[in-house]
Amino acid sequence: MVAGARGLLALLLVVSAPLRLQAGELGDGCGHIVTYQDSGTMTSKNYPGTYPNHTVCEKTIRVPKGKRLILRLGDLDIESQTCASDYLLFTTNSDQYGPYCGSMPVPKELLLNTNEVTVRFESGSHISGRGFLLTYASSDHPDLITCLERANHYLKPEYSKFCPAGCRDIAGDISGNLVDGYRDTSVLCKAAIHAGIIADELGGQISVLQLKGISRYEGILANGVLSKDGSLSDKRFLFTSDGCSRSLSLEPDTQIRTTWQWVSEMGEQLHWSPGQAQLQDQDLSWASGDSSKNRKQREWLETDLGEKKKITGIMTTGSTQSNFNFYVKSFVMKFKNSNSKWRTYKGIANNKEKVFQGNSNFRDPVRNNFIPPIVARYVRVVPQTWHQRIALNVELFGCQITQDNDSLVWRKTSPNTVSSTKREDEIITSSIPSEEIPTGINVTTVVIPLVLLALLVAGMGIFAALRKRKKKGNPYGSAQAQKTDCWKQIKYPFARHQSAEFTISYDNEKEVTQKLDLITSDMAG
């Protein structure tokens, strides 16, 4: 009796096991997902490996209201030929697209009549299949491409495309670097992230220039993407940008006092000072005198650029000495201007402190870009993790702040007013134009003739009085007369007073409204 009951229980467990497995796997079919305001990337789990059995991935994606949604399938590999248990389906409030599976024809792009769609991917039992890779964007970006498209897919010498958010961690190789260019077999969007043209969490527009290839492409780690060394190719490509990426002169601030000495095996004293932190120096780097990872007060390398500048990137190395295997593995950035507080650079998508990937050895350089740029005079590199001991060589990239380098943005307010906005680190004061200027011009058109008429009448009266005084021996152009306001109005009736149009001066940093200040100020919270 007991044996029979045990056998029945075992049978029930065997029968119910697949059901429990299927229920436990539900919702586990989503893989890599990155979404931003108007673009994103989504894959099945394990992509480009085989997607799991008995899973469902369902997610609603949307772009801002008033926009239409563009979907582009970069890859679809689903084993089923009937779409009964394995399929990809798009559903809106009014339409359904799919299901898609197997070898059936699948549109590369779908332009929907709405700003929202639900993506559903379901799998049953199967042996192989990569699943899917989907990118999307708003209808503002009809030139959307997927994360898999390579430069050699295009024949034009110059072209512009839109990369969605989320391409950094999608499989695909790149070879080359920002300076020399990239091999034409490289995937475009990942190369753009590597070059610092776009941020992975944002996506963005890229402009590509194709040129003749070179014999060798040198790889480097940049912005979390490792490019490989590459061999000769017929073509290569470069990204065009605003040109704000030249090397800035580094003068580490003397506030760094944690220098120390090391006696080598040869008996010579080695000095690790902040003055040696420039990447161009062939000597020792700056290194911390404290190797403890648990010290309460962190050390940093501070740079005074001499004036407020637009900083778009940083390159770091470790000690550069094989017998001193020291390097910083991760760091954060802090910045400030004169008479202001230190602020921490934050990610634009999540508004959290951004931790940058540092070096993985003492020798090879690593580059990181700031999107949006930092605008500051003083910059600190604050190590977070390191190998054995903190050691840094650094170089900052950027440019001077000018009126023409897309650095200014103005808040809308009424004309002829001055906006004073207190922020954590500065007071921004500037004259701000308004979109209602045409109305002001109409009023001025009416007022100016009346003012001129009044001045003319007053002038005639004064002129008559002066003639009478002249007859009595007073000079026409006496110094007393020239000092009167009325005389100035007569002498310069059309003298221009200060215009409502704004002017920009960089002599006083508190009078500069800087676009990237506004962005990074919001980021700093």
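Note that Cβ sites are derived from N, Cα and C of the backbone, with glycine treated the same way.
When other Cβ atoms within 10 Å of the Cβ of Cys30 (disulfide bond) are tallied across all protein chains shown, the result is 17. The disulfide bond annotation in TrEMBL covers Cys30-Cys57.
Taken together, the residues in the domain 'CUB' (30-139) have a mean pLDDT of 95 on the 0 to 100 scale. TrEMBL lists 30-139 with the feature domain 'CUB'.
Residue counts for the domain 'LCCL' (141-237) by DSSP state, with H, G and I taken as helix and E and B as strand, are 11 helix, 38 strand, 48 coil. Look at TrEMBL and you will find 141-237 tagged as domain 'LCCL'.
Residues or ranges marked as domain 'F5/8 type C' by TrEMBL: 244-399.
Taken from TrEMBL, the feature signal peptide covers 1-23.
According to TrEMBL, the transmembrane segment annotation covers 446-466.
Cβ neighbour count for Cys57 (disulfide bond): 24 (other Cβ atoms within 10 Å of its Cβ, all protein chains included).
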